[in-house]
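Asks: Next up is a structure, given as structure tokens.
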Amino acid sequence: MDTPATGRCRLYLITPPAFDPQPFADLLAAALDAGDVAALQLRLKGVDDDAWRRAIDALRPVAQSRAVAFLLNDRADMARAAGCDGAHVGQDDMPAKQARKLLGPDLTLGVTCHDSRDLAMQAGEDGADYVAFGAFFPTGTKDAKARATPDILSWWSEMMELPCCAIGGITADNCAPLVRAGTDFLAVVGSVWNHPDGPAAGVKAMNAAIAAAVAG
Ligand SMILES: Cc1ncc(COP(=O)(O)OP(=O)(O)O)c(N)n1
Ligand SMILES: Cc1ncsc1CCOP(=O)(O)O
Ligand SMILES: [Mg+2]
């Protein structure tokens, strides 16, 4: 997962809460062709391993053929054998150390750190490649436990080399303070998949907003 070599923040797309993998693959291709996306996270809840494998088989080539890193949410145990680029784990999923062991040294590991500097420093020590803070805004996608403010992003990005990611209710209209605070990635679900003009327009709008925040 390429971190922004230019110093510019990049979009990190997460799959919507429910979708049918085959038709969704076309929608995803259009979204990824619409603008810069650093990573796609496959996020499924309450499905069995066969459903995970079907979704991975449908979506992984779409992402990887476009040089978009393909990460699994929660399932660090599946990522390596399934040819994925990494995994994202939360504080209640598995210890970051265990996820790192499962992934090996080369795959990307992301860790949810809510609004906690301590959790983020621990995640870095335990082998995370990026730390995720949030939720920054109200979101209907997840019942998010914590609320974060941009100062954690500015503190982290000034103190640490390890990339950070912002998540939670982020849209083209509200992302500027997060970009200016130094986040390396903006992780989004709703602002892309629920965009009134479709996901490709959502990706374009997010990239335009990132560029505007950097310029402004
Ligand atoms: C990039 C990114 N950041 C945070 C999360 C949330 O992970 P978690 O706290 O484990 O919650 P679930 O997504 O598993 O419901 C994430 N998935 N991605
Ligand atoms: C998975 C997750 N973790 C914290 S908030 C959130 C949901 C992000 O979705 P949206 O971009 O629609 O708010
Ligand atoms: Mg999780």
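Yeah, the Cβs are placed from backbone N, Cα and C, and that goes for glycine too.
Since this is a predicted model, take the numbers as computed values, not measurements.
Below, the features straight out of TrEMBL:
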DOMAIN    11-191  domain 'Thiamine phosphate synthase/TenI'
BINDING   Q41, L42, R43, L44, K45, N73, T112, K142  4-amino-2-methyl-5-(diphosphooxymethyl)pyrimidine binding site
BINDING   D74, D93  Mg(2+) binding site
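How buried are the listed features, and what sits near them?
Replies: Sequence-distant contacts of L42 (4-amino-2-methyl-5-(diphosphooxymethyl)pyrimidine binding site), defined by Cβ-Cβ distance under 8 angstroms and a gap of at least six in the same chain, are T15, W52, A55, I56, L59, F70, L71, L72, N73, C84. Mapped onto three states, the DSSP output places L42 (4-amino-2-methyl-5-(diphosphooxymethyl)pyrimidine binding site) in strand.
With a 10 A radius on its CB, D74 (Mg(2+) binding site) counts 20 other CB atoms from all the protein chains.
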Asks: Around the Cβ of K45 (4-amino-2-methyl-5-(diphosphooxymethyl)pyrimidine binding site), how many other Cβ atoms lie within 10 Å? Please give the count over every shown protein chain.
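Replies: Counting Cβ neighbours of K45 (4-amino-2-methyl-5-(diphosphooxymethyl)pyrimidine binding site) within 10 Å gives 9.
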Asks: Please work out the number of neighbouring Cβ atoms within 10 Å of the Cβ of K142 (4-amino-2-methyl-5-(diphosphooxymethyl)pyrimidine binding site), leaving out its own Cβ.
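Replies: So the number of other Cβ atoms within 10 Å of K142 (4-amino-2-methyl-5-(diphosphooxymethyl)pyrimidine binding site) is 16.
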Asks: Which ones, of the binding-site residues Q41, L44, K142, have a Cα no more than 10 Å from the Cα of D93 (Mg(2+) binding site)?
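Replies: Cα filter at 10 Å returns nothing.
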Asks: So which binding-site residues out of L42, L44, K45, D74 are up against ligand 1, CB under 6 A?
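Replies: Near ligand 1, sequence order: D74.
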Asks: Kindly point out which of the binding-site residues K45, D93, K142 have a C-beta less than 6 Å from some atom of ligand 3.
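Replies: With ligand 3 as the reference and 6 Å as the Cβ limit, the list reads D93.
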Asks: Of L42, N73, D74, K142, listed as binding-site residues, which ones have a Cβ less than 6 Å away from ligand 2?
Replies: K142
